[in-house]
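Here is what Swiss-Prot records for this protein:
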type	residues	note
ACT_SITE	His251	active site, charge relay system
ACT_SITE	Asp308	active site, charge relay system
ACT_SITE	Ser405	active site, charge relay system
DISULFID	Cys57-Cys62	disulfide bond
DISULFID	Cys90-Cys101	disulfide bond
DISULFID	Cys95-Cys110	disulfide bond
DISULFID	Cys112-Cys121	disulfide bond
DISULFID	Cys129-Cys140	disulfide bond
DISULFID	Cys136-Cys149	disulfide bond
DISULFID	Cys151-Cys164	disulfide bond
DISULFID	Cys216-Cys221	disulfide bond
DISULFID	Cys236-Cys252	disulfide bond
DISULFID	Cys376-Cys390	disulfide bond
DISULFID	Cys401-Cys429	disulfide bond
DOMAIN	41-86	domain 'Gla'
DOMAIN	86-122	domain 'EGF-like 1'
DOMAIN	129-164	domain 'EGF-like 2'
DOMAIN	210-453	domain 'Peptidase S1'
CARBOHYD	Asn254	N-linked glycosylation site
MOD_RES	Glu46	4-carboxyglutamate
MOD_RES	Glu47	4-carboxyglutamate
MOD_RES	Glu54	4-carboxyglutamate
MOD_RES	Glu56	4-carboxyglutamate
MOD_RES	Glu59	4-carboxyglutamate
MOD_RES	Glu60	4-carboxyglutamate
MOD_RES	Glu65	4-carboxyglutamate
MOD_RES	Glu66	4-carboxyglutamate
MOD_RES	Glu69	4-carboxyglutamate
MOD_RES	Glu72	4-carboxyglutamate
MOD_RES	Glu75	4-carboxyglutamate
SIGNAL	1-20	signal peptide
Amino acid sequence: MAPPLLLCLILTFLWNLPEAESNVFLKSKVANRFLQRTKRSNSIFEEFKAGNIERECIEEKCSKEEAREVFEDNEKTETFWNVYVDGDQCSSNPCHYRGTCKDGIGSYTCTCLPNYEGKNCEKVLFESCRVFNGNCWHFCKSVQNEIQCSCAESYRLGDDGHSCVAEGDFSCGRNIKARNKREASLPDFVQSQKAILLKKSDNPSPDIRIINGMDCKLGECPWQAVLLDEDDDVFCGGTILSSIHVLTAAHCINQTKNISVIVGEIDISRKETIRLLPVDKVYVHTKFVPPSYLYGHQNVDRKTYDYDIAIIRMKTPIQFSENVVPACLPTADFVKQVLMKQDFGIVSGFGRTQYRGQTSNTLKVITVPYVDRRTCMLSSDFPITPNMFCAGYDTLPQDACQGDSGGPHITAYGDTHFITGINSWGEGCAKKGKYGVYTKVSNFIPWIKAIMSLK
């Protein structure tokens, strides 16, 4: 028989056995929370769950395919992988002038804003204003590789540093009548004739001759001035530059003793109802070469018309309106780099409707393309000086004619119209193989400004 002490120990052990079991073994529901394997997620949102990228690619090296399984998106995978392999090449901001950097493996790519190029967008295309005029609405100047835009008189530079804002209702070069049209800078007569510049016709219509020309509607040639002699007959044209200045040709001035001026009219058949403006003074360029002068010991008809430019000062100011607006005076660089590279210029006048015919009572207008200098010089039997340029057609019968002399050659840039030439001379009117010859206004900008500044 077991000793009493051993029996007591056995009974005590058996009594505490259920409690010991409960402390050693977990209930199945609780145990499963620790022992059951959690299924991995491959959803697109896994990249936002802490530890996934670190577990796959930071704590241990991963493959691109493993990264792809995490992101399940090619673009996000590429972005991550380029940085993961060799670091972020864009961290130093290598793209200049607000270019956008995209990282690559061992490289980067800059996407440049317009007008910049180069690996780092470091090259400024507009540094010399030769591309799209530096994005300037009017004048462009390059200063230390920076573009400086400026505007014609009566305009101010816009807040963007490129646009030009008119400071008045009748700022220069504004074709007010055409502004509400779909193509605001091109009046009806320009839109009607744009196709002529794109094709040549073996049988051109006589309706499109400048000497039989298209009518300029009221307000579409607002810078046009008309010069009348003492008999109130039209003898030349002109261009309004300011309220007291009209630009014309020097060879017009000696054709009459008295000059009066008409502005804002497209029909001058009833001159008695039209206001004639008196002239105060006329300034002719001192270097003007008349068509006939003593050459050696002989009278030689040279017909050079060099320096064929004059300015008329009005006795009373011209009143501006929708139908009377001055043309803008350009800069010489702007003419050379921009205006003379346009498709065409605009010529208007009350001149003869045919060679040696009668002058027109209605204002006529035509668009004429610029002619390269070599072609111009080869076409003429007379000298073409550096102060002249040619415009017109060699085959189409379109040209200015007698009575149009002194009138405007205008070139539009955007919605602004600039004076680029003075109708000077030609060999006949619309003669085949010949062009109209115009005084190159850009050569006389300082002279014009000097005369206009006189009191």
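Including glycine, each Cβ sits where the backbone N, Cα and C put it.
Feature annotations (Swiss-Prot) mapped to structure.
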residue	record	contacts (Cβ under 8 Å, 6+ apart)
Cys95	disulfide bond	Cys101, Cys110, Thr111, Cys112, Asn120, Cys121
Cys136	disulfide bond	Cys129, Ile147, Cys149, Ser150, His162
Cys164	disulfide bond	Trp137, His138, Cys149, Cys151, Ala152, Tyr155, Arg156, Leu157, Gly158, Thr416
Cys252	disulfide bond	Leu227, Phe235, Cys236, Ala310, Ser405, Gly406
Asn254	N-linked glycosylation site	Pro290
Asp308	active site, charge relay system	Ala249, Ala250, His251, His285, Phe288, Asn387, Ile422, Ser424, Trp425, Thr439
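The list of residues near the domain 'EGF-like 1' (86-122) in space but at least 6 beyond its ends in sequence, with Cβ under 8 angstroms from a Cβ of it, reads 79, 131-132, 135. For the disulfide-bonded residues listed here (Cys90, Cys140, Cys216, Cys236, Cys390), the lowest count of other CB atoms within 10 A around the CB belongs to Cys90. Counting Cβ atoms from all protein chains shown, Glu69 (4-carboxyglutamate) has 16 others lying within 10 Å of its own Cβ. A sphere of 10 angstroms centred on the C-beta of Cys57 (disulfide bond) encloses 18 other C-beta atoms. DSSP classifies Ser405 (active site, charge relay system) as coil under the three-state reduction. Put simply, of the recorded positions Cys57, Cys62, Glu66, Cys390, the one whose Cα is nearest the Cα of Glu75 (4-carboxyglutamate) is Glu66.
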